[in-house]
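**Q** The structure follows.
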Amino acid sequence: MADVGLQTSVSLEQVQPAGSTSIGVEEQDEAAPPAMGQSAPAGPQSPHLRARSHRRTHSDQPWTMFPFSTPEGFVAVNKPPSWAENEIEALKIANNYRFGFKKWKSHVTARPMEVRSDVVKELYSEPRTVKLIKGSTISLGNILYSVLFGWWIAAFYFLVAGIMMLTYIGRIYASHCFQLAKYFFWPFGKFVQKDREGDSGEEQSLHNGSLHNSYESFGSSESTPLVSSTRSRNGRKGCCGTSTEYWHKPETYIWLLLGAPLLFVIHALVYFVCWILVVFIPVAKVNGHAIKMLLMPPGSIRIESDSMSAAQQPSEVIVCTYQAVNVYYYKYTVDGMNIVLVNLLLFVVLALILGYGDKGNHFTSPTAKFVLSLLAIIPLAYYIGLAIASIAAQSNFAVGAVLNATFGSVVELTLYITALVKGAEHVNNCYSELVKSALTGTLLATMLFIPGLCMIIGGLKHHEQYFNLRSAGVSSTLLFVSVAGAFAPTIFSKFYGSIVCSSCNNVTSWSNINDSQLTVTGPSGSFMCSDCHQEVFDQEGTLFNEHIKPLIYTCAVLLPLAYISGLLFTLKTHSHIYDVEKTEDNNTAPNQDHNNSHSTIAHWSRLKGVTILLVGTVLMSLCADLVTENMQPILTGSGVSQYFIGVTLLALVPDAPEIVNGIQFALQNNLSLSIEVGSSIAVQVCLLQMPILVLVNAIHDIGFQLLFIDLHLWSVLFSVLVMNYIFMDGKCDYFQGSAMCIVYLIIVAMYFFAPNPEGC
């Protein structure tokens, strides 16, 4: 949460040393804000940031220090950032610093291709550019293609060629298949051309004259085509005639019946596998064009390997490729969503088909269904998160706040409520303990693991990172209040609970008493008891019904009030504090010329965003139902503590988008947002998720009470103390991050060796 009370300027050197930022390939593609150290906007104060001992009011202050550092400098407040690419991105950036809003790193609007880096432009280009090769096309990736795909694609083409030879009528396609077999075994440096008709000789001459000066060297950063669409070689028609004649020949239908279907399946399979592997997407594109080639007249297609010959024979290039592997395809997006997450949607399809189509477990086991359903939650969580961020960036603050409050925790709540309902149906208290473990695991991960991991990754790149101490203090204080309210009923029950033992025997002497046994003196003498533990509550007793239960409802009402108070403060009474403005010099701001030309086109419109949000929520509920339905074999047969499963798997998987966003912010030296990612989730767990679960239980008994075991209580309290200690000085490095992660792993190890809940 951003610092709502900071109105004092501080020294620039106190928070961010100059020259501490290095931007890698991935960050170069982002629209970078102005460089650090540039002068601030003109005003009554000095153009440089200096320490001030007095406070200034909003009315006499032209700009105010915004409480976080970026790789390029500081952000001031009062209005959305002018260095953002468009208004929607500006509002998304502003929302990242508002209480109750999801912190989202990726773009929600389409970026013009002309302002992207050459590396990214290459990813989105079609494989049709002919280049002059200065060197060999032999590389490890290309050899890997031939080993994995090329040889058996060629084998199938030889097989189809033999079939077409046997038909005699389709013998022309046999020669065609022999050619393509050699091409697909090693397509690198070769290109497939399609002859065209109807171009005049004058057009051909003009084209040839321009092509001699347009070829490029292989490996250059820009792509200039050697061949474009004009006419066929020497103006002749293909051997199969025009396209109209092609569809009137009998051999065409022999080919479409006996040859093309098999090759279509082969290319579609290779396309799918290469698309899933991501780095082989160049091969996927080639096979996508190959499917179109199956419907073209064989005589109109030529395969060339001489670039200069291509300049002399202008035709339409269908496909041309020089490399099978491109590692930068991890940056590729489809409709605004990263390619890896798009591919993970396959788990959603598999989980739903196998989960609901194979109820009897004839084709797969419950364990496999559990794993598939759990993996399906990851892409659905991303789609729901992007939908929320996109809609909020295109709406006013009130709509964004309501949307984040209602759907911000929909992934976790759907999973938890589904598990609790399943436990209530089977009268199994183990599901309730599992949900409490997941809630605790989320708090532990957001207070220790996420900020610690971000500090390690960001610290390795930027050596030392800084964040606003006051802002972190406000977040930590709010987190203290949240944790205190959420665990108050548990602490209260500890004071008034009772000791429960499995067996007690009346003893006459004090000898031979084991350390694990407890002696109790009662009216009838002394008793020796074994296997004793403190009973948290007894739902049938007077203590619970008249004292603990009313306290639970009281806390469940007060906690959301704190959330509403934060929303009113940030969105109504003090909204100006959270407006973001970059301290910049307009004369030196990078990409200044492009900002005004960027189109404000969101990847997802509000209607599309709402549709994806609703569909994602429905799919999420279906996958959550499959997780809980197939969870029991994991709980009973894995040999791992159920507490450990809840603290790790059920807690971390729904938070995968936040972990990735936090790491991306840390890589850009914006550690304040990385910390806020974790803090905001922890606050939302205590202020919204827990009260909602209490409300649902009050409406329909699902076996959930806001009471936790001792291990949950002390783990969370200790984590809050560790987090506040680390955040004391306003700076961090990878060593402090590693300390937080080690503490997290130690606590998780305790859960790993903890015994299962009683009766589970």
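Just so you know, glycine gets a Cβ as well, placed from its N, Cα and C.
The model shown is predicted, which means the values in this text are computed figures rather than measured ones.
Sharing the record's features from TrEMBL:
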type	residues	note
COMPBIAS	1-23	compositional bias 'Polar residues'
COMPBIAS	215-232	compositional bias 'Polar residues'
DOMAIN	369-487	domain 'Sodium/calcium exchanger membrane region'
DOMAIN	610-751	domain 'Sodium/calcium exchanger membrane region'
REGION	1-65	region 'Disordered'
REGION	215-238	region 'Disordered'
TRANSMEM	143-169	transmembrane segment
TRANSMEM	253-283	transmembrane segment
TRANSMEM	339-357	transmembrane segment
TRANSMEM	369-390	transmembrane segment
TRANSMEM	397-418	transmembrane segment
TRANSMEM	438-460	transmembrane segment
TRANSMEM	472-492	transmembrane segment
TRANSMEM	551-571	transmembrane segment
TRANSMEM	609-628	transmembrane segment
TRANSMEM	673-696	transmembrane segment
TRANSMEM	702-727	transmembrane segment
TRANSMEM	734-754	transmembrane segment
**Q** Six or more residues out from either end of the transmembrane segment (734-754), which same-chain residues have a Cβ under 8 Å from its Cβ atoms?
**A** 437, 444-445, 448-449, 451-460, 640-641, 643-644, 647-648, 711, 715, 718-719, 722-723, 726
**Q** Excluding the flanking five residues on each side, which residues at least 6 beyond the ends of the transmembrane segment (472-492) place their CB within less than 8 Å of a CB in that stretch?
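**A** For the transmembrane segment (472-492), the far contacts come to 1-5, 443, 447, 536, 547-548, 551-552, 555, 558-559, 562, 566, 672, 675-676, 679-680, 682-683, 685-687, 690, 705-708, 712-713, 716-717, 720, 723-724, 727, 730.
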**Q** Using Cβ atoms and a strict cutoff of less than 8 Å, what residues sit near the transmembrane segment (369-390) while being 6 or more residues removed from its termini?
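**A** Tertiary neighbours of the transmembrane segment (369-390) are 92, 95, 102, 104, 106, 108, 336-338, 341-342, 344-345, 347-348, 350-352, 354-355, 361, 403-404, 407-408, 410-411, 415, 602-604, 606, 609-610, 612-613, 616-617, 619-620, 623-624, 626-627, 629-631, 633-634, 649, 653-654, 656-657.
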**Q** Short question: most Cβ pairs under 8 Å with the transmembrane segment (551-571), which of 253-283, 339-357, 438-460, 609-628, 702-727?
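**A** Ranked by Cβ pairs under 8 Å, first place goes to 702-727.
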**Q** Report, as numbers and ranges, every residue of the chain located at least six residues beyond the transmembrane segment (253-283) whose Cβ falls under 8 Å of a Cβ in that stretch; write 'none' if there are none.
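**A** Result: 123, 127, 141, 145, 149, 153, 156-157, 159-160, 163-164, 167, 169-170, 173, 177, 290-291, 294-295, 321, 323-327, 329-330, 332, 339-340, 343, 346.
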**Q** Going through 143-169, 339-357, 397-418, 609-628, 702-727 one by one, which has the most CB pairs that fall under 8 Å from the transmembrane segment (438-460)?
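**A** Checked against 143-169, 339-357, 397-418, 609-628, 702-727; highest Cβ contact count belongs to 702-727.
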**Q** Of the stretches 143-169, 397-418, 609-628, which racks up the most C-beta pairs under 8 Å with the transmembrane segment (339-357)?
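**A** It is 609-628, which has the most Cβ pairs under 8 Å.
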**Q** Counting only residues 6 or more past its boundaries, what in the same chain has a CB within less than 8 Å of a CB in the transmembrane segment (397-418)?
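**A** Distant contacts of the transmembrane segment (397-418): 95, 98, 100-102, 377, 380-381, 384, 388, 391, 435, 438-439, 442, 563, 567, 571, 575, 613, 617, 620-621, 624-625, 627-628, 650, 654, 684-685, 688-689, 692-693, 696, 702.
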**Q** DSSP helix, strand and coil counts for the domain 'Sodium/calcium exchanger membrane region' (610-751)?
**A** 116 helix, 2 strand, 24 coil
